[in-house]
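Some features that Swiss-Prot has for this protein:
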{"type": "DOMAIN", "residues": "6-148", "note": "domain 'Clp R'"}
{"type": "REGION", "residues": "9-74", "note": "region 'Repeat 1'"}
{"type": "REGION", "residues": "85-148", "note": "region 'Repeat 2'"}
{"type": "REGION", "residues": "161-344", "note": "region 'NBD1'"}
{"type": "BINDING", "residues": "Gly208, Glu209, Pro210, Gly211, Val212, Gly213, Lys214, Thr215", "note": "ATP 1 binding site"}
{"type": "REGION", "residues": "345-560", "note": "region 'Linker'"}
{"type": "COILED", "residues": "395-536", "note": "coiled coil"}
{"type": "REGION", "residues": "570-781", "note": "region 'NBD2'"}
{"type": "BINDING", "residues": "Gly620, Pro621, Thr622, Gly623, Val624, Gly625, Lys626, Thr627", "note": "ATP 2 binding site"}
{"type": "REGION", "residues": "782-898", "note": "region 'C-terminal'"}
Amino acid sequence: MQPTDPTKFTEQAWDAIVKSQEVARRYKNTNLEVEHILLALLEQDMGLAARIFQRAAVDGEGLRQQLEIFTNRQPKQAYVEQLYLGRSLDVMLDRADAARSSWEDKFISVEHLLVGFAEDDRVGRKTLRAFNLDPQDLELAIKAIRGSQKVTEPNQEEKYEALDKYGRDLTEQARQGKLDPVIGRDEEIRRVIQVLSRRSKNNPVLIGEPGVGKTAIAEGLAQRIINGDVPESLKNRQLISLDMGSLIAGAKYRGEFEERLRSVMKEVTNSDGQIILFIDEVHTVVGAGGREGSGSMDAGNLLKPMLARGELRCIGATTLDEYRKNIEKDPALERRFQQVYVKQPSVDDTISILRGLKEKYEVHHGVKITDSALVAAATLSHRYIQDRFLPDKAIDLVDEAAARLKMEITSKPVELEDIDRRLMQLQMEKLSLEGEEKRPGLGADKSSKERLEKIQQEITELEGQQQELSGQWLSEKQMLEEINTLKEKEQELRLQVEKAERATDWEKAAKIKYGELEVLQHDIEEKESKLLEIQGSGNTLLREQVTESDIAEIVAGWTGIPMNRLMETERQKLLQLEGHLHQRVIGQKEAVAAVSAAIRRARAGMKDPSRPIGSFLFMGPTGVGKTELARALAGFLFDSEEAMVRIDMSEYMEKHAVSRLIGAPPGYVGYEEGGQLSEAVRRRPYSVVLLDEVEKAHLDVFNILLQVLDDGRITDSQGRVVDFRNTIIVMTSNIGSDHILSLSADDADYDKMQKQVLQSLRKHFRPEFLNRIDDLIIFHTLKRDELRRIVVLQIKRIEKLLDEQKITLSLSDAALDHIVSAGYDPTYGARPLKRAIQRQLENPIATKILENTFVAGDKILIDCVDGQLIFDKEIEPTTLPEEPEENITAVEVEVLSS
């Protein structure tokens, strides 16, 4: 039979015939033979031939080598211009056509070519014999894959074992112990089983936020099926996860995707309920394959009839948003699915889940995970990582902390790396000194020789330490690896016990459980006790335990919250609060005390946990420390002044500007950018939010602030909920400043002044807004002695700047008093002080530095004489070096005497 008509062959079979010519030219053969066709078939991506040989237990690489023996026997030519059809290939094609006819197929397909190959005397039989096979064995493998299907279409091969190609058998993975244990979720799994047991519309869809464990529920069902912990209607069923990506990938022509999906569905329906399909991200089914105006049908429409009739049992999983966007808009598809809502587990449930997963992660990473680390992962992730969901974020913390520790174990310890670096430096210095010694005409001086001896001595000592530490590190590392290998074997034996128990082979299960497993556990205990002895001596180089601090470090890396703040107890942090704030905010004892008390109340659990840490309205004249107190709060509570989100409320005077806080509505310019307040807090949820000059904002702004102050949350223009529970909200206002300036000097009138200020507030702000603020704090005008302390703080700032230029600064009390007098103005607070310091200190010092009057190493002395600041520098007395008189030359004596 001449292979000239492609219409007689399937696509894969014809592709192999065409590519066999390239194979023949590659081996420089002039005749096109059976072996070239087989090599071309084996080179096809996801080809049927490779799957058939795999089913017949034939090694693909071994088969390729066997076929190459025949190609090497053929006559070769340096340049193959024309190929000739070999006699054995002609016979093979005739046999393939005969097989097609006897099997009542329309096209010659890959399996027909393989039947012809198996009956070939020159190559086929000899090749199969090398693998202890005969033509009947190959035919059985073909029929096992092909089943009862007929070759009626050119792409028929793609429809064989469609579920194997486009799916993943979860029950088989559960049988092999490849799935993680599923802890809890009993209620959801029972609901899924209940829906699957229905006569029609038996298709549950798992709906929940990303990371709450929807896929885990399907895996839990697979494990229950394997263990027989399901009703009769689900016993011995296969749960197969459909991979929509591989189903769509490579579908180039119209209708190709639909054909693949139909072949999958046909396999499922032909199984008579033995196969349950699991489609993760089921929303991708809706619209998949459909093209506007192309006439092709999307996957959702293909599924509807089978879902409704109960021919197909399918479990879907998708997020709430995707379900709303894609499935709810198609009511015909939605009614065929029964919703099973999967909620986020609590912190306690998450800890239980982590305890169940602990062993898997320990064996994978080769480390130990402490229980306190698991508790920390659940609690810290719940508290500090707000944009993700439990248990996924807690599992990720444990996984990353274990991976980090594993990396430390496999890398050199810090102590050894330090020694290596020091040795490298010394070796370079030694080479330099030795080169100087060998240079002609230049001998090394006495100091160089002494230095060389010291270097050599240090190198010898360090090499000894390096050898000792390196040996210790390698032995500890080896011991940890041995323990991990034993634990892997232990896990394999446990899996064998489970398999034996499922197969009711109690003898085998007992033999492993009370024989091999006990011996292995004893070996592990011995190795671990040896490791504990080394660690107990305090000389260990490697850590093998993931602790609470490791988890905290990972959280710090994710969220930007410094590590020491996470581990510091609330009691220590809050007891230091007032003292720390007073270092930055001079005076204002009442304000600092009120802020500290409110934060202590919130952190001690005496306030609704759904509200922000604290919300304050700071009132007072300009320059008295309102903004500085907000900065100090951010610096202390969050270790960074950058954790303060400052919004100037004078920018929100118009009604339409309010939308800038939470983002423009859909359809308006700037919708994608988000709001200034919502985006800032969403990106940095642990911050001090400063709303400056709040009385200047439009009244509608306060409507938005009401839900922030009361519920600790806000919904931006894109529907995202922004969490304000870990923020401190500080609002500043100048309302009532005239009352504070006129009355605050007299303590007796304080109550009267306070009433007048509050009365002014009530005139401007609505009662529902004022009622939601934790504390209204009045800032007093600054007194002269407080201004003096502020000057001292500012001088320290200048000293830091000068320190970079190696210049020191010293002020007399008179100079300090002069600066205070120059900048004292009760109406404007501390701000005139800053201008006075700039004018009277910074400007003259800057000029003298540029004139080289003050240079590195100088100490600037500043005093006040007759109302003017005098700048001078301290002159250090210079002393000549003492030398013996007999060594002084005549010239030097003359200079000294003069």
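Indices start at 1 and increase along the chain as displayed.
Here the Cβ of each residue, glycine as well, is placed from N, Cα and C on the backbone.
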Cβ-Cβ neighbours of Lys626 (ATP 2 binding site) (radius 10 Å): 27
Using Cα positions only, nearest of the binding-site residues to Glu209 (ATP 1 binding site) (Gly620, Thr622, Val624, Gly625, Lys626): Lys626
Per DSSP, three-state class assigned to Lys626 (ATP 2 binding site): helix
Rounded to the nearest Å - Cα separation of Val212 (ATP 1 binding site) and Pro621 (ATP 2 binding site): 51
Closest of Gly208, Gly211, Gly213, Lys214, Thr215 to Gly625 (ATP 2 binding site), Cα positions, binding-site residues only: Gly211
Of Val212, Val624 (the binding-site residues), the residue whose Cβ has the fewest other Cβ atoms within 10 Å: Val212
Cα separation, Gly620 (ATP 2 binding site) to Lys214 (ATP 1 binding site) (Å, whole number): 54
Other residues, Cβ within 8 Å of Gly208, Glu209, Pro210, Gly211, Val212, Gly213, Lys214, Thr215 Cβ centroid (ATP 1 site): Ala216, Thr319, Val342, Gln344, Phe389, Asp392
Lowest local Cβ density (other Cβ within 10 Å) among binding-site residues: Pro210, Gly620, Pro621, Gly623: Pro210
Proximal residue to Pro621 (ATP 2 binding site) among binding-site residues Gly208, Pro210, Thr215 (C-alpha distance): Pro210
Residues of the region 'Repeat 2' (85-148) by DSSP state, where helix covers H, G and I: 44 helix, 2 strand, 18 coil
